[in-house]
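Note sheet for the following structure.
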Amino acid sequence: MTIVHRRLALAIGDPHGIGPEIALKALQQLSATERSLIKVYGPWSALEQAAQICQMESLLQDLIHEEAGSLAQPAQWGEITPQAGLSTVQSATAAIRACENGEVDAVIACPHHETAIHRAGIAFSGYPSLLANVLGMNEDEVFLMLVGAGLRIVHVTLHESVRSALERLSPQLVVDAVDAAVQTCTLLGVPKPQVAVFGINPHASEGQLFGLEDSQITAPAVETLRKCGLAVDGPMGADMVLAQRKHDLYVAMLHDQGHIPIKLLAPNGASALSIGGRVVLSSVGHGSAMDIAGRGVADSTALLRTIALLGAQPG
């Protein structure tokens, strides 16, 4: 069955992690025609080493590749280094630019290692922040949406303390996240999603028993979204609404509200989309797995599902 119909850019992520390996393993499962629609970005040396470890040297012969990101040879599997962090950003940036210029239709990036990127002196809080910076957007305009196990969960806030998230949350930020997610649902074949907005506090504050945040932030956002003609329920307790599984799109206020259910139900099969910009970028719902890098045992399931998700036939 053909799963790739769109042109995709595939950045290999941290070259010292499992990115090069899972990229090759996923590509091996595609037909030659499908592989011809995917351009790989990253250090060729890391791909060569991964191919040797996985005995996939023949796959490199028809790989469409663009060198992006400098890397000392050989790759230092499992090592967290500034050079690998810089390479991660360089390869992802090149892929984003290719999409922005119309060379490809969407971008997929293998896992990064945040510490390596910070050691390179680069401000970074995940692929959404990188996408925003490359496109010249405010970071508040790009959101993370996890897709897996039949769930689609957009995050209004992401990699920050709970205190910082509460200070930043506003009705408009919630509205912007939902608008971006609804547009993305259309791209994914769900044009009129039923939306559920999680409360900030337990039980969506139980009236105002557990705080004023939901009456001041999420409830006004829901009212605005309904006036725009969207089918939105909430705010509701995340535990209750997820148990019901009646909605197409869920809106998490905080990182763990969205990550825990996805990682519980789809530990190796989730996609992580950065949405809200003119370029759609997706990574996978797991990390760079430095502890198993270079051993040939990494699972490419999540990456293959992400390729299928973004490579699907439009409409």
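A Cβ is built for glycine as well, from the same backbone N, Cα and C atoms used for every other residue.
Over in Swiss-Prot, the protein carries these features:
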type    : residues               : note
BINDING : His159, His203, His255 : divalent metal cation binding site
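Recorded features from Swiss-Prot, shown on the structure.
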residue : record                             : Cβ within 10 Å
His159  : divalent metal cation binding site : 15
His203  : divalent metal cation binding site : 16
His255  : divalent metal cation binding site : 19
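According to DSSP, His203 (divalent metal cation binding site) sits within a helical segment.
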